[in-house]
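The following features are taken from TrEMBL:
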TRANSMEM  7-26  transmembrane segment
TRANSMEM  32-51  transmembrane segment
TRANSMEM  63-81  transmembrane segment
TRANSMEM  93-113  transmembrane segment
TRANSMEM  125-146  transmembrane segment
TRANSMEM  173-191  transmembrane segment
């Protein structure tokens, strides 16, 4: 199964990168520079786990790497470049999935930054739950600040202000947190009874 996941990760990553490169070239040809920037950002994000591994001198599970690349494909390629945000449920679904992925990433980050490799001996399970939820919430807030800033500077409507920006923001926060509960419960169960 591990070989299959490694193979799937490589195939999906190469496929997504090729799609993004084709999209970047196509948008350059048609002078759609906003979409060129989105494509370049998405392409760069497919290297996120590799950069993380280099910085922290560690490795990441291929399944997690696959999930990140697939999320970039869903959010930026399908969502922004191919217009899937026109579906009312798309944004909420992505925020839910990002809550799960960010929660799992917070566990990886905590392990990478901690000098003591056996965290279970020192951290309370309730703290881990709170840490993961807080990390996911912070990332959700930072994302909404990014959307607001991009809307203001580039005269966009990522926040759906034509509908109501506050409603969109609150739906996004709620979806982030509900998604974050899943890895928070996972982290809680890992650390429960290990003090």
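Cβ coordinates come from backbone N, Cα and C, glycine included.
Any TrEMBL annotation is an automated prediction that lacks curation.
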Considering the transmembrane segment (32-51), which listed stretch of 7-26, 63-81, 93-113, 125-146, 173-191 counts the most C-beta pairs under 8 Å: 63-81
Closest-packing stretch to the transmembrane segment (63-81), where packing means Cβ pairs under 8 Å, from 7-26, 93-113, 125-146, 173-191: 7-26
